[in-house]
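These notes concern the structure reproduced below.
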Amino acid sequence: MTALSRSNYAALFGPTTGDRIRLADTDLLIEITEDRSGGPELAGDEAVFGGGKVLRESMGQGRATRADGAPDTVITGAVILDHWGIIKADIGIRDGRIVAIGKAGNPDIMSGVHPDLVVGPSTEIIAGNGRILTAGAIDCHVHLICPQIMDEALGGGITTIIGGGTGPAEGTKATTVTPGAWHLARMLESLDSWPMNIVLLGKGNTVSADSMWEQLRGGAAGFKLHEDWGTTPAAIDACLTVCDAAGVQAAIHTDTLNEMGFVEDTLAAIGGRSIHAYHTEGAGGGHAPDIITVAGHPNVLPSSTNPTRPHTVNTLDEHLDMLMVCHHLKPSVPEDLAFAESRIRPSTIAAEDLLHDIGAISMIGSDAQAMGRIGEVVMRTWQTAHVMKRRRGALEGDGSGKNGADNLRARRYVAKYTICPAVAHGLDHEIGSVEVGKLADLVLWEPAFFGVRPHAVIKGGMIAWAAMGDANASIPTPQPVLPRPMFGAAPAAAAATSVHFVAPQAIEDGLAERIDVRRKLVAVKDVRKVGKAQMPLNDALPRIEVEPDTFTVRIDGEVWDEQPAAELPMAQRYFLF
């Protein structure tokens, strides 16, 4: 029997069980816990494509037709990083959905082939060997200010956006709201052309139940309560009353100035009901200085936006100018300046790092063009994980020492932009993880570029975005290699591989017949019983206290000191600008 060293095996087929992979230039390492595609248990039967390799006629490729159940696409030998684990496997895709995770090939001559991974003449191959596969990212906080954000989102590995807007209107620049049935219809039609799942939020700042039901029938999948529209206790209660009846989620940006009440009053108005708290730390807005305390409540689903991720020596300086622009404020007006300065507190931004690391803040979004960068959701998440490993060391249950694996930490952080927002907004029956039955919204990463630039973004089973060289070159790889749209990004393909998530009431009311869209409308699941306990690996409920005068933060009684990072991975090493 021929023996292969681990290094030679990894060069041929990719890493296997027990091998560790560094994520970009961070200090984070992940370890493969199982190899379903080869490795120690199935060595010699790996499915690999290429000249002189396995997946050829009457060898690794069998005779199974599509009618026999052959997959449309197989991703070979990828390392799956998801909230449920870190394994290596072949992934089968059929009709735009994941059909199997296991061993692909030809069962006539190969052992252990999964019955739904029988490679036939109708099967395309994407080489995942040596690469990391994650679920497409979900940006849970998007201002739809300009259509160009779609390209930036795809280029950052995002395949679903949750938010609202109508373009560069003042309401949209400040709030993630698509108000009213007419705007909802036009935005659903406009967004039909991009390879991106869409979740639009209607305006929840009203005590008019009729207005909110009208928006749900018009295509809203939930609501946004924003202080710039007046997040009063009465509006909070009215919005959540409709949400409870409809089964949809509400996202909230609370009252920074405490004009309508304090954080305790907002929590009283919420009344123990499920709610998604945007930018829970507060620099993006919310009760000053203690909105961060809501992350300790079991009914509140807290998220961050990426401009404060992680806390660095530059975070405070850039925030003041961003805030003035985003909320239509003027530096020359003292009251406007005081409003802005009250929101930016280094102590709460620093505490936000720790709350992410212990799993108390469950999600990360962008706040795109409204104090955040849509293309940096994934990158900022992993920068935070790196900073926390350097400061706190390995999590309990992870490996110790310089080369110890960080599997728990990696699974916790990937969940923040995949499964957690999917669960929070009732999307997890369709997206949010690499699991059988879900849409094949997947991202392949070269380990050296993990979290920075995807190798390929697969949307509903089609490659929609990829790193690609000069189109006039003789091969695909000559420089400049840039993230570029692929055939899956064409409007007709995008409509076939993406969905609009809407409230069940919209489907029941015949919205599909009233608007000009080609893609499928999918009802969100009932989320009214979703609480922090349903946030995978991000369900911690610490006691959080903020001193009103000094802004000192205590988490479970201990002060978390400010130590802003002066250097980050995944930064200038990868970018010219």
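Placed from the backbone N, Cα and C atoms, the Cβ positions cover glycine too.
Copied from Swiss-Prot, the annotated features are:
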- 136-577: domain 'Urease' (DOMAIN)
- His141, His143, Lys224, Asp367: Ni(2+) 1 binding site (BINDING)
- Lys224, His253, His279: Ni(2+) 2 binding site (BINDING)
- Lys224: N6-carboxylysine (MOD_RES)
- His226: substrate binding site (BINDING)
- His327: active site, proton donor (ACT_SITE)
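Using a 10 Å Cα-Cα cut-off around His226 (substrate binding site), the binding-site residues His141, His143, His253, His279, Asp367 reduce to His253.
Neighbour counts of Cβ atoms within 10 Å were compared for the binding-site residues His141, His226, and the top value is held by His141.
Highest local Cβ density among the binding-site residues His143, Lys224 belongs to Lys224, counted as other Cβ atoms within 10 Å over all protein chains shown.
Taking the mean position of the Cβ atoms of His141, His143, Lys224, Asp367 as the Ni(2+) 1 site, the remaining same-chain residues with a Cβ inside 8 Å of that point are Val142, Gly163, Gly164, Thr175, Thr176, Ala251, His253, Tyr278, Thr305, Gly365, Ser366, Ala368, Ala370, Gly372.
Taking the mean position of the Cβ atoms of Lys224, His253, His279 as the Ni(2+) 2 site, the remaining residues of that chain whose Cβ falls within 8 Å of it are His141, Thr175, Thr176, Leu225, His226, Ala251, Ile252, Thr254, Ala277, Tyr278, Gly284, Gly285, Gly286. Fewest Cβ neighbours within 10 Å among the binding-site residues His253, His279: that distinction goes to His253.
His143 (Ni(2+) 1 binding site) sits 13 Å from His253 (Ni(2+) 2 binding site), taking the CA atoms of both as reference points. Remark: Asp367 (Ni(2+) 1 binding site) has His141, Val142, His143, Tyr278, His279, Gly284, Thr305, Asn306, Pro307 as non-local neighbours, by Cβ distance under 8 Å and separation of at least 6 in sequence. Taking CA atoms as the reference points, Lys224 (Ni(2+) 1 binding site) and His253 (Ni(2+) 2 binding site) are 8 Å apart.
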